[in-house]
Amino acid sequence: MVVSYKDLGLVNSREMFKKAMAGKYAVPAYNFNNMEQLQAIIGGCAESNSPVIIQVSSGARKYANQTLLRYMAEGAVQMCRHDLKSNIPIVLHLDHGDTFELCKSCVDTGFSSVMIDGSHHPYEKNIEVTKQVVEYAHAHDVTVEGELGVLAGIEDEVSAEHHTYTDPNQVVDFVKRTGVDSLAISIGTSHGAYKFRLKPGESVPPLRFDILAEIEKKIPGFPIVLHGASSVVQEYVAMINKFGGKMDNAVGVPEEQLRRAAQSAVCKINIDSDGRLVVTAIIRKVFAEQPGEFDPRKYLGPAREELKKLIIAKNTNVLGSAGKA
Ligand code: G3H
Ligand code: 13P
Ligand code: ZN
């Protein structure tokens, strides 16, 4: 049975990005795999009155079951409207879709936005698969994110050893020929908690804002997406290490750089790793301090509360999306 996102109370990303572009902020895109993450994301965005994109990777679909995830998203909208009394716009987005079939299946089961990540393909093949997804998705009024350029690190099941920065000379052709609604670019961010290999005393290199500026010149007013945008908040890395974890040299994108990006044509900022760090840090802390505890609510509950706090702080201090719903 084909389900339309419109019947689930979701919206596509079109209006959201228009407002973000005009208002010089970015919409947060948070990944979720389980109930506590989803509660924290919706709770934090409702409380800070921020538009939100909740996103599901193909790994999340495998982990949590695709049918269950879809109903969880539907339930989250209902919880938001009825229990939290909030009308924030919510997009349900497929993160790093790698085939037409996966994107189609998401469109057919109530997603309001999909990413087709053809960045690992040769250019013409990327155009071909992206265009195919756009044609199907647009027929259902679902918005599509494409990607040009390859991030270093692990992109879902696609891995890239080194950055291939987005070539500004390709963006006009790519956007025109595919019809995508937004474009993920590579300007120095990467996925995961180890974004930069720094020697002692070295600081994080700046993102390639020069490439971003060139892209903006080529496609003025076109929504840009930044993947791999966790800051790897050091407070939580330290907590993980203090309570028995081992995350040496974990480092992310400094918040000032993300603030700067959010004021540009970057309309969507993807954050997954920071949420993972918070949850891990709190669970480790509870286990270390209360070794007799065995009720999952007693460690997942505090982790959820801390994640909600992080989300409110991100929306307010980094993305600028708080109060913009
Ligand atoms: O970009 C990748 C996201 O962080 C999702 O990661 O494939 O482990 O769910 P995952
Ligand atoms: P982080 O690993 O930096 O959180 O990036 C997440 C992401 O880009 C999801 O698509
Ligand atoms: Zn990503």
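The backbone N, Cα and C atoms fix where each Cβ goes, and this holds for glycine too.
Per TrEMBL, active site, proton donor is recorded for D95. Per TrEMBL, the feature Zn(2+) 1 binding site maps to H96, H191, H227. What TrEMBL records for D117, E147 is Zn(2+) 2 binding site.
All features noted in TrEMBL, drawn onto the structure.
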{"residue": "D95", "record": "active site, proton donor", "Cβ neighbours (10 Å)": "25"}
{"residue": "H96", "record": "Zn(2+) 1 binding site", "Cβ neighbours (10 Å)": "26"}
{"residue": "D117", "record": "Zn(2+) 2 binding site", "Cβ neighbours (10 Å)": "28"}
{"residue": "E147", "record": "Zn(2+) 2 binding site", "Cβ neighbours (10 Å)": "26"}
{"residue": "H191", "record": "Zn(2+) 1 binding site", "Cβ neighbours (10 Å)": "22"}
{"residue": "H227", "record": "Zn(2+) 1 binding site", "Cβ neighbours (10 Å)": "27"}
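Screening the binding-site residues D117, E147, H227 for a C-beta under 6 A from any atom of ligand 3 leaves H227. Taking a Cβ cut-off of under 6 Å from any atom of ligand 1, the binding-site residues D117, E147, H191 reduce to H191. Rounded to a whole value, the Cα-Cα separation of the residue listed as 'active site, proton donor' and H227 (Zn(2+) 1 binding site) is 10 Å.
For the pair formed by E147 (Zn(2+) 2 binding site) and H96 (Zn(2+) 1 binding site), distance between Cα atoms is given as 9 Å, rounded to the nearest Å.
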